[in-house]
C-alpha cells in the first residue's frame, strides 16, 4: 500500500495511507520511496517506475478514485468495473476517439475499438478483440460498447448495424442472469464476427454461441435469478396474453423463486421487455415466432410447478403426477397429449435385445428427467434463436474474388468462476478461461520472445507464469480429466463415484489435481491459473451426457407445436459442441491480430476498491510480466517491405530515430517501441501533409501563373490599344495645329492673290470690253438681216408639224390597253384549238366515247408543287438600277433607248454569245416597236435558213431532263446567219421574233440574263405606251420558257413586282413555276400564246383507257409528273408507278413518262409537225392519254383496284386494235371469255357474246376466221370457264387478265431509251434501244431484235457518268461485263434500274455466300461455304440495321445469323438459275481478296487485335488483366451487340447493354481501360455506318463516366483528335477532360443519358418540379452533382441562398432525398433501380416512373419575408399542408387570422366569394378544428378578419401566413405518425416532429409534447423496411425508441441531414489530425 509522509521525526514517520488511515512506523527496509510516476499515476503502466505489485495496485487505485476506469498496458486495456454508469460513453466521446491513434487520448475502450478498425483497414488483415476477466468484470458491457463504436464509425447508420446491435438484448434476455457477483452475468460464451466491406462499412455479422448454462433454468443459488427472459415476460406481457398462457407472478413458479430473488435492483423488467420485443421485430422475428417462443417459455414454467408423488407398485418404486392446472397447461402449450406427457415423465423405456421395456421412475428420477427435458427445450430454443439472428444479420461472402471482406472478431468469454458449490458447468467455464489465458501467455510471452531469438535480437529472457501444465491435465495429455469424464459417460454403469476414482487414480500424484480429502468426499480440486477451485463431482456424468430419454424424444415427435419439433430437429451433444466452438474461437483469435481487454472485478459495491481481489486478478493475469515484456520488448514489428511501403515518404528525412533510441533491426523485420510507431506516424502524417502542400502549391502556382499570364496578355492587349488610341488622339491634335497654320497661310496667300487677280481682271475687262463692243456692233448689223429670213422659214415649218402631231394624238387616244395587247397578238385567230380534228390512229373508239368527268375553274385551279409565297420584304435592295451599275458594261444605262448597242449589256467570254446578244437586242427593239421593220427584200428560194436549220441545246445546260429532237429548231452552227444578214434583215411577224428571242435563250444558257436585262432596260422609263406593253408581253412569255440565273433572279423579282396592274402577279407566278420546273426545250405553243393573252391557266383534256376524259389546268411549266399526279388524285389511283402521260398525233404515239418532261414542249412539237406538213398549227389534232407504261417486278393487283381496272381496260383495247397479239387463238378466246364474265357475269347469251367479240378480237383475226366462229369459240370458253359456277368476283378476273398481260407481253410494258455504246463487251451494233421492264434489261436494234438480255440478278450496279462531248452516260455493271452507254435520258435509265434493284433486294429471299464461315461452336451463327445459296428468313430475330440477317443454308437446312457483308443479296423474287449462280461465283471469286472484309473461322490467321471484329474476344485485350480472374464483363459481346456487330435474336433494351458494358467498370477500376480499348477497337477500320454511330454513342457515354489511366489517356486523346469531323468527337474530348477533373461515376448511365445520345443530343435536359405545382427544364450534365444542380436551380429562381434545399425523387411508393455529394444521375439510377427491383419481386417486370422535385429539406435560417421568391414557391406550399392536417397547436384567433389570409391567397380581393367559405373550410382551417365552431361562425370571423386586412396583396398574404406560424415551435418540423412499442408510458400511436432542435414526440390528439431529444443527445438511429430505431442518451443505458412506420427512411435521412449540419458546425471549431492510409 502507498502512503504519504506528513511528519518525519528522527527514526519515525507519520504516514497517511491510500485508504486515509494514519500510521506511525519506524524507518526500516520495508519502506521504499515511491517513484514519481506512482505519485499521481500514469495512463500506461509500462511507464511506471515502480514495477511491482504495489505500484500496479496503487496506479489502479488512484485512477479509480479519480473516476478513471481504463488504463493501458501497451496495447492491452485494463478496465476496472465501477458498477455505476459513467458519462464517458456519449456520442461526443465516439466522435472524439474516432480516427485517433492509440495513446493520443486517455485510455478508453473506444480507443481499442478504433485501433482495431483502423488497423483492419490499414493492414488489410482481420482483427480480433479478446475480452476476458472474472464474472462481473464488465466483459459484456465492454463488448456492447465496442459494437456500438464500430457501428458508429462505420458511418452508414444502416439497418444491418442496428440489427447487429439489437442482437444483444435478445441474447442477454435468454443467456444472461443475475448472479451473486453480477446483475447481468453472461451465462454463455459468444464470438461475434463483424464483417466489413472494402470501404469500411458493416456488411453483416455472425454470432457463435457455446456452453449455455442450462442448469440455471432448473436451479439457482441463493440471491440469484433465472434467465432474464422469464421475469421480462411475466412483468411486461399484456394481461390478455398472460391469461391465455395462464401465467402469474414470478413467486408462483419454482424455477423462478428457487434463489428467493425475483427482482434486480437497477433493472426495470417492464422496460427491458419492451426493448426485447423491439429487438425481436428489428431482427425479423414475426409475431407468430414471438408467440411460439412465449408458449415454450410458459410451458417451461408450468413444467417446473409439476409435482411427483412417490408410489409403490409391484414392489417397484414409482411416482404419479397429481392432476393440476400447471400440468394441463404445459401439455396444452407443448401441444402434446396429456397422458403421453404423463407417461414420458414418470417412466423410462429401455431397448433390450428383443423388445422395449418400460421402467417406472422414482420421484427423484422423474424430477431429474423433467429438468433434463426443460433444459433441452431451453437450450435448443436458445440455439434456434441464435440461428434466427444469424439469418438476419449474416450476409454470405461474394463469389467475386476481388470483393475482399474483412472482419473484426469480439470474443466475450465467461469469466473465471469460483463459487462455494462448483459443478460441471464451472469446470467447463474455467477450462475455457484456461485456454484464453494460455492464448494470452503464448501471444504475449512465448511467441514474442521466440521471435526475438529468431530475429537475433539481443534479449534478456523474462520469466512468466505458464498454465500449460493445467491445460495438459485438463484436456491435452492422454487420459486427461475431460477425456475421462467423456469416457465414463459412455459406460452404462458409469457413475460419478467411478469417475472420481479414475481421476484420483490417474492424476492423484499431480500437483495440478487436488484429490478428495477422504473416500466419502465427492469434491476434487484443480489448481487453476487464478487459484484452486474445488468441484463437486455429483451430477458430472449426467450433465455431460445431457441426454433425453427415448420417451421424451418420441413425445416431441408427436407434438403439433412446429417450433418445438423444429428446435429438436438437430440433436447435438452438449460437451462436444462446446469443445468444437471453443476450438473454432481459438482459431479465429490465432489467425487474427488480437487486442486484449482485461477487465477487473471489485466487490459489488460502488466506490469500494477490494485490494485483495484486485491483487489476485493482477497476479493470475500475469500483468507484472506483461508490463515487463511490453516495456523491454518491441510490440511494433514491420517486415522490411511493409516498413518501406508505409514510410517511404520519410526516406529523405533526417534524424527520424536517434542513435540512443531503443529500436532494433532483425533478419527480416524492424522492431520498434510504441512511441516509435506514434512518432513515425506523426512524421509520416507531417511528411504527407508537406507533400500535399507542395502539390497544392505547385498546382495553385500553375493555376495562378496561368491566370496571371492570361491576365497579363490581356493587359498588354488593352495597353496596346489604349496607347494606340492616345497616340492617334494626340496625333490628331498635332495634325490639327499644322493644318490650322497651313490654312491660315494659304488664306493669306489666296487673299493676296485674289486682290492682284481682281486688279488684273479689271484692267483686262476694260480693254476686252472695248474691243468686243466694237466688233459686236459690226456683226450685229449683218446678223439681223440673216435672222429675219431664217425665222420666217422655221415658223412656217413648225406650224405644219404641229398640225400633223395633233391629228396623230387624237387617233392614239382612241386605242385602249387591251386593244393594244390584241394588236400585239393580232396573228392569233379568235379561238386557238388543239385536240381537234381526226383522232390519232388506234384511238378512234376513245374519241367516240369521250366524256368530261369534271369541269375545272381555270381561275381558281391550283398548280402542282406550289411553293410557299415568296418573302419580298428584302427585295427593295435588289433594284434593277443597282444590278446595272454593278454588271453592265461600259456606259450602258438601265433605261429605255431607241438605238442599236455597240456591245452586250453583260460580259460574255464566247464571241458567238456577243454576236447573238446584239442580234437579240435588234429583234427586241423591233418586237417592241422601238425600231422600224426593214424594208421587204426578195426572199431566197426555198425555206429560210432559220427555219431549216436544227439547233441543239447547250451541252452544259443543266436545267432539267433532256428533250428528244425537235421538229423545227435553230442550228447553233448557223448563228452567223442569224446576225444582221439577209435572213433577219426582212420584215418578221411578232411570232417569228418571239421564236428567235426564245430560241436563243433555250440554246444558250449564258444569254438568258442578257435577254432579261435587255427587256427590263427597255421597260424602264419607257414613255411609249405601245412599246411598254409590248415589252411586258414579251417578258411574260419569256418567263414561262426559261429562268434567269441565281445572280439575277432577285433583281428580276424586284423588277416584276413594280410592273403594271395585272402583269406583276402573273409574271411573278410564271417565274416561280419556271424556276421550280426548269427551262423549256421548245418555243411557246399557240395554246400558251392564247393563255398569255388572257393571263389565265390553260386547260387540257387527258383521256383514260376506260374512255373517261378529264380536263386539267396547266401552265407553261407543267410537267408530266404534275399532270399524272393530278390525274391520280382525280381518279383516286393509289398505285401510281408505271402510269405515264402519252401524246398522240396522227399515227405517232410517244410517252412523256411521269417525270420532268414539259407538257407544253410536246404540244409545241405537235404544232410544229402539223406546220411542217402544211397544216394550221393552231388547230393541231394532238391528244393526251393516261396509260400503264411499265410494271414493277413486285406488282400486286390486289393493292389498288382502280389501277387494275385501268390496266385491264388498256389490255382489252390493245387486243382489239392489235397492240397486244397472242400466238394462239385459244389465248384470245380465254381473254375474251374473262372479259365476258367481267361484263356480263354468268349470262351467256349470244348477243352478249357478239358484243364481247367486237370488244376483244382484232379485225385481222375476224377476217381470217369468221365472226360466227369467234362467237362460238368465245361462248364455249365462257361456258367451260371456271368462273360461272364459282364465287369469283370481277375484280379477281381483271387481276388475272392484268397478270397474263404482264407475263405475256413484258416488252410492250417497257420503257425505251435510245443509247450509243461507248465501251463494254462487243455487240452487233453500237447504236441500239434499251428496253427496261419488270423481267430485266433488254438491248434491241431498230427492228426490235434482241441483242442482249439481262435479268436483274445479273446486274450488279448502275450509275451515271458525265461526258462533256455528249452529256450524261450510264455505267451498267453486269455479270456479262460493264457497259458505258451514252444516252440523252441517262438519268431516267439509272432511276428506273436503281429503283427495281433496290426494291427487289429489299424483298428478295435469296443470297449467295461471298466467303466461307465456319462457326459450329456457336449456334447463333450460320455456317456455310463460299458460293452456296442462302435462303433469307424474314422475321424479327435480327436487326438488318445492325448488319445481320437470319438465313438458312439450302444445302444443310440449318438456320442462323448471317452478316450482311458476307453475302450478296440477289435482286430477284424467284430462285436464281444455276447459270446466274455460276456467273456470280465466278465473278466474285476473282475479286474475293478485295471484297472479303470479315471472316469468322477457327483456322484462319490471327485477326488484328486493334481493328474491328464481329467475333467476341476470348480474353482481355490488356495483358495486365490476364493475371487476374475477372467475371464475364471482359467479354466484348455487349459492346458488339450495342453496335450491331453481333446478332441478337431479340431487340435488347439499350440500357441493359450499357449496364453490362459499364456496370463492372464502374465498380472495378482495372476494367476501365479495357472498356475504352474494346470500344476503340470496334471503331477502328469499321466501314458500317450504323455500327460507327453506335460506337460513338458508347464512347460518349464512357468519356463521361470515368477517365482512362494516364498510360492510355494520350492514345484516347489522339484517337478523338484525329476524328474531329465526327459529330460527337469534340464533345467526347470535352467530356474526357471533365472526367479527369472529377471523381468517376459509381453507376452505369441512366436511361435519360442513353436516350439523349441515341437521339444525337449532347445536351441532357430534365424537368424539375416545385412544391407550388410548377416546374422548369434544367440542363443536367453527366458529371453534374446534386449540390451543383441545387445551386443551379437556386440561382435561376433567384433565391438568396441554396442552403437547406435538396433534390427529391418521387417514385410510386416513396419520396427519397438525394445526397448532395453524389452525382445526380447516379442517385437517380440507384433509387429507380432499387424501386424497380422491389416492384419486380412483387409484381414482375414494371415500367418505372418517377418525378424529380426541388424543395426545402432543412428549415434553418428561414425568416418569412426575407426571400419572397422562396416564400412563394417553397415555404408556403410546403407549410400549408402541415397546418391544414392539424399538426400544429394553435389558438382560435390564430386559425381565424390564418383562414382569412388563406382566403385572400386563393381569391385575392374577390369578396363575392364569401359565400363559398363554408364549402372551402377544409382549405382554410385545420381538419381537426373544423368542428370547433359552426361553419357560419367560421365564415363570420374569417370575413371580419379579411376586411381588416384590406389592401393586402396575395404575396403579402403568403408572407403574413408564414409569419404567424413562424412563431410556433413546430414551424418547419417534419411530422410522422408512428406506432411505438418501446415506451410503455407513451400511447401506441405518437407523432414525431423532426427539426433543427432535434426530435419531439407529441401526443397525436392533444398535441402535448411527451419528450424532446436534442440532436446532441441522440446517440444512434437507423431505419429498416417498416421500422425506425433511435437511441437517446448514453450508449450503455440509453433510452431506445422503436417505431413502426413505412416512412422510417425519411426520418432517418432527415435526422442524418440535421445531424450532419450540427456536426459541421462543431467540427469547424476544432482541427482534426487525420490519418493517411
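These residue numbers are counts, starting from 1, taken along the chain as shown.
Glycine too: its Cβ is placed from the backbone N, Cα and C atoms.
Where the annotation comes from TrEMBL, it is an automatic prediction and has not been curated.
The following features are taken from TrEMBL:
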- 40-713: domain 'Myosin motor' (DOMAIN)
- 133, 134, 135, 136, 137, 138, 139, 140: ATP binding site (BINDING)
- 896-1093: domain 'MyTH4' (DOMAIN)
- 934-964: region 'Disordered' (REGION)
- 1098-1404: domain 'FERM' (DOMAIN)
- 1402-1468: domain 'SH3' (DOMAIN)
- 1508-1654: domain 'MyTH4' (DOMAIN)
- 1660-1962: domain 'FERM' (DOMAIN)
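Comparison of 40-713, 1098-1404, 1508-1654 by number of C-beta pairs under 8 angstroms to the domain 'FERM' (1660-1962) places 40-713 first. If you draw a 10 Å sphere around the CB of residue 134 (ATP binding site), it holds 24 other CB atoms from the protein chains shown. Per-residue pLDDT, averaged over the domain 'FERM' (1098-1404), rounds to 89. As a summary of secondary structure, the domain 'SH3' (1402-1468) carries 8 helix, 26 strand, 33 coil according to DSSP. With DSSP states grouped into helix (H, G, I), strand (E, B) and coil, the domain 'MyTH4' (1508-1654) comes out at 91 helix, 0 strand, 56 coil. Packing around residue 133 (ATP binding site) is summarised by its Cβ count: 25 other Cβ atoms lie within 10 angstroms of its Cβ, all protein chains included. All protein chains considered, the CB of residue 135 (ATP binding site) has 20 other CB atoms within 10 Å. Counting only residues at least six positions away in the same chain, the Cβ atoms of 172, 176, 184, 185, 186, 412 sit under 8 Å from the Cβ of residue 140 (ATP binding site).
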